[in-house]
Amino acid sequence: LPQICLFLRTSLETQKLDLMAEVSDLKIKLVGMEKEQSEYEEKQNKAEGLLQELRHLKIKVEELENERNQYEWKLKATKAEIAQLQEQLALKDAEIERLQCQLSRTSSHSEVAERDQEVQRLKIGMESLLAANEEKDRRIEELTLLLSQYRRVKEIMIAAQGKMVPQKKKSSSLEDLQSESLEKVGETENMDGTVVSDDLSPLSLGMDSGPQSPLSLENRKSPKGIKKIWGKIRRTQSGNFPADDLGLAEFRRGGLRATAGPRLSRSKETKGQKSDYNAPFAQWSTERVCNWLEDFGLGQYVIFARQWVTSGHTLLTATPQDMEKEMGIKHPLHRKKLVLAIKSINTKQDEKSAQLDHIWVTRWLDDIGLPQYKDQFHESRVDGRMLQYLTVNDLLFLKVTSQLHHLSIKCAIHVLHINSFNPHCLRRRPVEESNVSPSEVVQWSNHRVMEWLRSVDLAEYAPNLRGSGVHGGLIILEPRFNGDTLAMLLNIPPQKTLLRRHLTTNFNVLIGPETQQEKRDITESTAYTPLTTTAKVRPKKLGFSHFGNLRKKKFDESTDYVCPMDTNPGATNGTQKNYTGYKGLSPLTDRELDQVGQTD
């Protein structure tokens, strides 16, 4: 029996040692597997890092490609400008050669001296005419003074006597005085005693058919130079009085002076230009189209337009691809801006949004609380008309990727639609308001919302709304925007329950019971997804070449407008809304955002 026990003990110890050896082997295998797993994870991390680096490299390649395209465009513009300068230089050289030829054909020094003498004589004649004109002005002033004195005497006598006989005598004497003044004004003595008539007859102007001779004291015929100058010196109030205005009319100074000649000729040309002002766009000249581009904010393309555009018909029949190729308009929103403007001016559509330029849009971004996008919008020359036809892909091209910011712009454009794109429809400053209605809150700007926060004792959180995109339109029109959303944007910690309750209470009072109930219905629906600051909007087609493909699209291929003009009540997040609206406002749906997709 002891031997059996010893044998069993020995076998058990042997088994124990074997098990311990197996455990050691398993531990070694486990360590090896963990090491392999760590190596695998390290390789995976390296692979992800390489993939991320590859993505960055692709982005850099795209940026370099865009930069290269810009340089090519600048080079093309420089070449075009150099060609234009060379053409101007050739014209100048030709003009210099022509002047040199004329100079070589000039007469001798004696002829030059004679011309100088003729110029001196013309100057003397001009001075005599100006002196006569001044004498005539002096006489007109004297007659005007006499006439005013006579009127005063006549009024005194009429008030004193009140009889008809003295009135007839005074009126007859007045007519005599006026006729005498006409005779004095109609003729003016020249410096040498010659009478110069002011009716500009052929004799007075020296426009005889005989041979011309220089002006001198012995020979009083005027040469052509004096004729032209004398033809410009006219006095509409001295010598051409209408017969029916001789009653009590005053002698007035003014009329077309000698210095008005050049201005009058330019005014006639301007009038001729105005006659073509209402011409169809297809008949616009190249210069008018280029000036229109300058005023329109696309002046950087005038150099190419001057070479390519022969008339408005060129732009009217051009495709976006033609504009990119011939005018170098590679920016898709610049092409969209131009195509929309051409369509509007050709069809003569009177769109109120067209009156809002791209400078106004940058101020509008301040009003709706999105100033961080001002540079992109300004560079793209986004104006009021483009806001009306802005698509989701356009916003993505403008680097607006936040879902909340998309909704903010959508609601703000909707408010513009309802107010017929009135540039002053948003309220920026608080006024004496009591019982503010939602129809008024919907027009609040971002700054006005911040003022409301100060009025409800939340001034320390008001600055957090800068750059948030929160404005009255978003508060009222977006059904998922509630007190919790506002508290999140204000960075009020969740543990401050009393402060959040205070904000929610005042928020519900602000939006009114009807809007409050609609927001509550949305919140309680099964398909409700709360708004967050991290939700992004992505295009339908993902990939690194997305923006390159977007650049080649026509502007009207995308129908996913940020704010459709024919917005109708519908389901939002799966819940049907019975929205009555304020001042004709209709609810906004997330159809556009659902089409392009969302990601957190």
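From the backbone N, Cα and C atoms, a Cβ is placed for every residue, glycine too.
Computed from a predicted structure; not experimentally measured.
Record features (TrEMBL):
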COILED    23-102  coiled coil
COILED    126-153  coiled coil
COMPBIAS  569-579  compositional bias 'Polar residues'
DOMAIN    284-348  domain 'SAM'
DOMAIN    361-419  domain 'SAM'
DOMAIN    444-475  domain 'SAM'
REGION    167-220  region 'Disordered'
REGION    567-600  region 'Disordered'
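When DSSP labels each residue, the domain 'SAM' (444-475) comes out as 21 helix, 1 strand, 10 coil, counted as helix, strand and coil in that order.
Secondary structure by DSSP for the domain 'SAM' (284-348): 49 helix, 0 strand, 16 coil. Long-range contacts of the domain 'SAM' (444-475) within its own chain (CB-CB distance under 8 A, at least 6 residues past either end) are made by residues 366-372, 402, 404-405, 407-409, 411-412, 414-415, 426-430, 481, 486, 489-492, 499, 502-503, 506, 510-511. In the predicted model, residues of the domain 'SAM' (284-348) average a pLDDT of 91.
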